[in-house]
Amino acid sequence: PPPPPNLPVPASPDVANGEPPAPAPPHARSCRVEMAVPEWATKEPCLMGIDEAGRGPVLGPMVYGCMYCARSYNNTLATLKFADSKTLKEEQREELFESLKVNNSIGWEVDVICPKDLSAKMLKKSKVNLNEISHNSAMGLVRKALDMGVLLEEVYIDTVGDPEKYRVKLSEKFPGIKFVVAKKADSLYPVVSGASIVAKVTRDRALRNWVFDETALNMHMKTGSGYPGDPDTKQWLEDHKHPVFGFPTLVRFSWGTCTPFFKDAVEVTWDSDEIDEDVANNGSAKRQVKLSSLGFTGFKRKTEEIESSGKGRRKFFQARKLELVRKFQ
C-alpha cells in the first residue's frame with residue numbers, strides 16, 4: 001500500500017541518514033523518521049522542542065515529534081506563525097508542516113508508536129505505563145539527534161506527569177543539556193509549537209492513509225474523533241469487534257474503553273511454553289495460560305497447574321526434539 005503523501009517511511013525502526021527508505025505503511029509497525037542532519041546543526045549550539053499527538057485516543061498510533069534549530073535562529077522562529085497544533089485547522093497544519101520541511105534552518109524527527117506496540121507494552125508481564133512509554137519516546141528523539149551529531153544545548157518539552165520530576169529524569173539521562181519541562185509548552189515556546197505540528201500532521205496522515213491488515217468485510221474508517229467518549233468511536237468499536245480475534249490493529253486494545261465490548265467474548269486457553277522460574281531448575285512444570293480478548297490474564301494458581309513430564313514442552317516440540325534455548329554460546 002502507498003505511504004502517506006510527502007512523508008518518508010522507514011523499512012527499519014531507524015532510517016540511516018541519506019538512505020532511501022523502503023515502501024511500507026507507517027502504521028504497520030512502530031518506526032522513527034528523520035531528515036538528514038543539516039550541516040549547521042553539527043557546528044552551532046541548537047535548541048529542540050518535543051511534543052506528542054494521539055496520547056488519549058483509543059484508535060491509531062501515538063506520535064512523538066521534535067523540531068530543532070540553531071539557537072541563533074530562535075528569534076526568527078517566533079515569526080513563522082507556529083502555534084499549538086490543536087488551535088489550528090488541518091489545512092493550516094499541513095501548510096506549516098510543508099513550510100518547515102523545506103526550511104533549511106530547521107530539522108525534525110518523528111517517533112511513531114503503533115497501537116499494537118502501545119497495548120503490548122501496557123499488558124506484558126512487566127507492564128510499561130503510558131507515561132513511561134512517552135518518556136522513553138521523547139528520550140529516544142534526544143538520543144537520536146545526539147547520535148547524528150546535533151549540538152543540542154537546550155530542549156523544551158510539553159510535560160507528561162510532574163514537570164519537575166520529568167525534568168530531573170531527563171537531566172540525569174543527558175547531563176550536558178538544559179531541559180525546560182512545562183505544561184502547555186506547545187503554546188509557550190515556538191520550537192515546541194513546531195514539534196506539535198510535526199507530530200499532529202504525521203498522525204493525521206497515518207490515519208488518513210490507514211490500510212487495514214485485516215480482511216473482514218465492511219471495514220471502514222468512519223471512526224469519529226477516536227477518543228473514548230465519542231459516540232461515533234464507540235459505534236465503530238461495536239461494529240469492528242470479533243468474539244475470538246478482538247479488534248483490528250488500529251485499536252489500542254489495552255484501553256479500558258475496549259473492555260465492555262467483550263463481555264460475551266470467547267475465552268481461549270492454551271498450554272504455555274514458558275517454564276515458571278521457581279521450577280525451572282527441576283524442568284517439570286508446565287502452566288496453563290488463559291487469553292482474554294484484551295490480552296493475557298496471567299498464570300493460573302499453582303493448584304490449577306497442569307503437570308506434565310519432561311521439560312513441560314508441548315507434544316509438537318517434544319516429537320521434534322526441540323527445546324527452549326535462552327542463551328547461546
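Using N, Cα and C of the backbone, Cβ positions are placed for all residues, glycine too.
Unlike curated records, TrEMBL annotations are generated automatically.
The feature compositional bias 'Pro residues' is assigned by TrEMBL to 1-11.
Per TrEMBL, region 'Disordered' is recorded for 1-30.
Look at TrEMBL and you will find 45-267 tagged as domain 'RNase H type-2'.
The divalent metal cation binding site annotation in TrEMBL covers D51, E52, D158. Here D51 (divalent metal cation binding site) comes close to Y64, G65, C66, S85, I157, D158, A185, D186, V192, S193, A195, S196, A199: these same-chain residues lie at least six apart in sequence, with C-beta atoms under 8 angstroms from its C-beta.
Along the domain 'RNase H type-2' (45-267), the predicted structure has mean pLDDT 93.
Summary for the binding-site residues E52, D158: the Cβ-based neighbour count within 10 Å is maximal at D158.
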